[in-house]
Amino acid sequence: MDASTLKRLSGNAGALLAIQLANALLPLVLAPYLTRVLGRDGYGAFAFGAALIQFAAIITDYGFGISAVYQISRARGHRERIRRIAGAVLLVKLALFALVSVAVIGYVMTTDHVPGGSVYIILLLISILGLTLQPVWLFQALEKMASVTIYIVASRLAFVLLVLLFCRSADDLPLVAVLNGTGYLFAALAGLYVMRGRGLAPRWPGLKRTRVIAGASTEYFWSRIAVVSYGAGATIFLGVFGTASQVAIFSVAEQFYRGAIAIYSPVTQAIYPYMARSRDIALFRKIFVGAFFVAVLGVAFGIICGPMLISMIFGEGYQESYPVLVVFLLALLAAIPSILLGYPFLGALGQAKVANRSVFLAGFVQVLALGAIYFLGVGSALTVVIAVLLAESSALIWRARAAYPYLKA
């Protein structure tokens, strides 16, 4: 790998890291304030809303965060082809947003137990629309992430600052939803503006071509749904069948887990288009070993310092989150290598179906575990996180078996 390639790869990874830090770690910075201002039940409702946004964003993404990146990275230098891909992607995403909106409104109209209240849940649609429209997939494929990173990071910073300035009690939960959604919409509109300025405005590709582009993403979509079943799905399960208090306990521990995943995500996102082109297995081995070593150190630190970190960051009312945190840290040791072996490695080597099937397996394991928890009546933050650990471990085992012949070659 020459110096220019390394510079481009590291620059793209740096931009993606900035976005992940803004999307995942800034809420962690905000969490100490929200746990105190909103109270345990209010914070649980906030976490439930965040999980709904994540779940809905997976639906509206439809796997284009993987398939469109691959298609556009292979079409670099062909402007009109890229514009047509972008047009198909945005059309499908908007259609899915319409379906999600109907589902959310139907949920609040037919359910008596709605964490945070009906108004709060409906206001979450603003955030979902903003995430639907963000063209991160385009700039990631072109390895030009710096073009939109500043807008996304600025919008997240503004959200945090405005919440600190204007949210004073649990009654301000709907305002949090409005501020969050406004930030996502600003970042989306800025990204679309930059996209147009680069001569890449979406172009209608025709219904037949749209179906082809969407069809190429369908398997990725179902794999993402499987992923969210043992991610946001766990929080949603607790919110629907448990209490807001249990959601809060679960979410406090999950913040550390998601923060760690967010740090690694830019590495996987940045190397995927590079691996799709070069298939540099030697470089991947080095990245894999280094990433796992850092994960082990982080897990050891979290187990030792967990009680102190929870009290210091979230307050004294969340010590019940420590056992949940320990299980999350164990799940992290499975999740990090599993993520690296997935689409950045197996997917780039033409084995995307293997990676997808591992996710289906993990989702199936999670659904079975949550079903058992429900029927046994033992639903709690701790039992749900054990289900997450089982799901992550099953995905790792599947992917490791498939990747081993390539890694040892």
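Using N, Cα and C of the backbone, Cβ positions are placed for all residues, glycine too.
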Transmembrane segment range according to TrEMBL, out of 227-250, 347-370: 227-250
Tertiary contacts of the transmembrane segment (227-250) (same chain, 6+ residues out, Cβ under 8 Å): 35, 40-45, 47-48, 50-52, 54-55, 58, 113, 115, 318, 320-321, 324, 359, 362-363, 365-367, 370, 374, 379-381, 384-385, 387-388, 391-392
Range from 43-64, 256-275, 322-346 with most C-beta pairs under 8 A to the transmembrane segment (173-194): 43-64
